[in-house]
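The 5-phospho-alpha-D-ribose 1-diphosphate binding site annotation in Swiss-Prot covers 96, 100, 102, 122, 123, 124, 125, 126, 127, 128, 129, 130. Here Swiss-Prot flags 126 as orotate binding site.
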């Protein structure tokens with residue numbers, strides 16, 4: 001079994017992912033979605049956590065061999081990033097969503113030298129906006145961001161467009177296609193539910209029509 005499939009199976013099993021194509025969730029953006037993901041839950045399950053962190057290390061070593069520092073997005077990317085940095089014996093930093101309004105006013109916490117090659121860790125990619133904002137902040141402070149890595153992506157066309165426009169390489173451990181295919185095969189959703197889930201991937205506005 002591939003890593004992407006193993007992680008998809010674990011996310012379903014521990015209920016980090018909920019699929020409700022017939023009774024959709026409403027995301028903060030207002031989008032009606034048949035899927036809801038809370039990857040923070042993975043931290044409570046040592047086997048899943050180890051699978052994820054080892055997967056990150058393997059992907060980063062393969063895709064970004066020159067990495068010199070790992071950074072996590074606040075807050076979801078912090079625990080994963082810290083574990084990855086420890087496993088890889090690399091420095092760790094984290095990137096706030098905005099600079100502190102007191103003290104030194106830092107947006108990056110930790111020590112990042114100018115030109116240091118950074119990989120930014122996020123737990124979930126929907127449109128990619130938050131991690132790309134974090135990457136822009138890291139670049140402003142002198143980091144050489146060579147890529148981003150996340151546990152899971154919804155594979156939304158908007159995310160692909162955003163990463164391409166920003167010139168940022170993204171790698172993920174698992175993805176929406178792997179997960180919904182496995183979910184139907186293992187009885188989490190019906191064939192009709194799978195059809196709705198597939199429609200959502202291609203058209204987030206009109207998938208229920």
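Placement of Cβ uses the backbone N, Cα and C atoms for every residue, glycine included.
Source: prediction; values computed, not measured.
Counting neighbouring Cβ atoms within 10 Å of each of the binding-site residues (96, 123, 127), the lowest count belongs to 96.
Each residue contributes its Cα atom, and for residue 126 (orotate binding site) and residue 96 (5-phospho-alpha-D-ribose 1-diphosphate binding site) these two points are 19 Å apart. If you draw a 10 Å sphere around the CB of the residue listed as 'orotate binding site', it holds 20 other CB atoms from the protein chains shown.
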